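Undergrad: Pasting in a structure now, in structure tokens, and then I'll have a few things to ask.
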Amino acid sequence: MITSALHRAADWAKSVFSSAALGDPRRTARLVNVAAQLAKYSGKSITISSEGSEAMQEGAYRFIRNPNVSAEAIRKAGAMQTVKLAQEFPELLAIEDTTSLSYRHQVAEELGKLGSIQDKSRGWWVHSVLLLEATTFRTVGLLHQEWWMRPDDPADADEKESGKWLAAAATSRLRMGSMMSNVIAVCDREADIHAYLQDKLAHNERFVVRSKHPRKDVESGLYLYDHLKNQPELGGYQISIPQKGVVDKRGKRKNRPARKASLSLRSGRITLKQGNITLNAVLAEEINPPKGETPLKWLLLTSEPVESLAQALRVIDIYTHRWRIEEFHKAWKTGAGAERQRMEEPDNLERMVSILSFVAVRLLQLRESFTLPQALRAQGLLKEAEHVESQSAETVLTPDECQLLGYLDKGKRKRKEKAGSLQWAYMAIARLGGFMDSKRTGIASWGALWEGWEALQSKLDGFLAAKDLMAQGIKI
């Protein structure tokens with residue numbers, strides 16, 4: 001199970017990295033130790049995570065500086081653990097996206113271009129494939145990462161960056177083997193490339209890709225949007241759009257109020273002229289948007305069936321979970337501290353930040369272990385949600401963590417929260433992070449959960465030390 005080793009940093013590190021092929025078992029053991037400390041003190045430096053031990057700190061730095069340690073081997077070890085976990089699930093989503101890692105300190109001059117040549121920030125571009133299980137959309141793990149530095153002169157590039165989509169597909173295929181038939185690749189508009197679509201279809205693989213280019217359907221001769229607009233409406237659905245600050249066409253910032261949007265759904269079978277590719281498409285388009293608002297519109301290309309309303313809604317639901325990889329990027333850069341690292345050599349920095357990519361996945365999974373009931377309810381699995389909520393909090397927390405959390409939450413537990421249950425633990429941690437549930441939704445934000453988790457962990461060492469002293473008969 002995903003949660004079996006998740007909450008104990010040492011167990012988690014062992015499960016993810018103990019199979020790393022680093023050329024010497026002592027290096028692998030050191031990787032496990034370093035990863036465990038970085039996970040225990042997420043977002044903190046090696047110095048802080050070493051807990052005042054000079055030997056631990058020096059050992060960690062020696063590992064990070066070791067030229068015989070391959071960053072790619074570190075990433076592969078984590079990816080193969082993801083493959084192992086994936087065997088539990090009948091269907092998976094492979095969410096793909098690219099992000100940049102930006103640095104301005106001394107090492108920056110040896111890294112690649114991110115913006116203009118004049119920019120002081122330089123770094124890497126990283127394309128990631130993140131696996132989710134397709135029922136409750138829990139994060140399984142990282143399946144693949146490709147890192148590269150963009151040269152100042154595009155003519156110096158080894159190959160087109162668009163090749164990252166085909167490379168990710170090939171690596172996923174190799175690692176997943178026969179399980180690849182259970183995997184649906186989910187990509188944004190950048191993946192709307194003829195070679196990528198053709199490759200997925202040639203290998204009989206599944207995908208949902210948002211359309212970018214004004215392609216035409218061969219049979220109707222119409223552009224895809226116009227062709228789908230001519231198809232009968234399957235039905236509609238509503239979504240809630242949160243409040244957000246936006247920049248208008250004149251560059252002025254304004255507040256976009258929260259609203260509900262009604263969308264219509266149409267679908268059809270299409271054939272693209274280039275390569276004579278035949279696939280399915282779904283068009284979701286907002287009906288009667290407020291004056292001044294750009295209507296929501298998604299045109300999705302897919303291998304999945306789309307004949308019925310339920311099938312089309314499933315494709316939409318799959319694509320809406322693409323945002324999870326954006327949360328991974330946030331967890332990696334901010335929560336795990338990838339962009340706060342200050343190693344002075346590119347290779348050392350890459351080793352460190354590669355470890356932190358899996359620490360970031362753990363942060364996502366920690367949150368999801370508490371929010372699983374909400375995910376189950378969203379899929380209509382009410383009995384399953386109630387069953388999970390009623391489980392003991394010790395299924396995800398240690399007895400000491402439960403005891404400390406109970407002390408910190410004393411007098412705050414609501415009547416509907418069963419003492420010692422997972423539902424209570426979720427709400428108690430959220431309250432510790434400042435969640436007031438003023439809207440009576442019972443659903444805490446990412447930030448509140450993480451703040452609460454950090455607060456619990458920061459107090460745990462003192463709590464354990466006090467217990468130890470009391471066990472020795474020392475009054476405190």
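Using the three backbone atoms N, Cα and C, a Cβ is placed for every residue, glycine included.
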Undergrad: Would you mind telling me which of 199-217, 237-255 Swiss-Prot tags as region 'Interaction with DNA'?
TA: 237-255
Undergrad: Taking the region 'Interaction with DNA' (1-70) alone, what is its mean pLDDT?
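TA: Result for the region 'Interaction with DNA' (1-70): average pLDDT 90.
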Undergrad: Relative to the Cβ position of W298 (site 'Interaction with DNA'), how many further Cβ atoms are located within 10 Å?
TA: 17
Undergrad: Given the recorded positions D188, R210, W298, which one's Cα is the least distant from that of D97 (Mg(2+) 2 binding site)?
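TA: For D97 (Mg(2+) 2 binding site), the spatially nearest of the recorded positions is D188.
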Undergrad: Let me spell it out: for each of the binding-site residues (D97, D188), count the other Cβ atoms within 10 Å of that residue's Cβ, using every protein chain shown. Which one has the most?
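TA: Buried the deepest by this measure is D97.
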Undergrad: Which residue, out of the recorded positions R210, E326, shows the minimum number of other Cβ atoms inside 10 Å of its Cβ in this structure?
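TA: Across R210, E326, these recorded positions, the one with fewest Cβ atoms within 10 Å is E326.
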Undergrad: Using DSSP, what is the helix/strand/coil residue split across the region 'Interaction with DNA' (319-348)?
TA: 23 helix, 0 strand, 7 coil
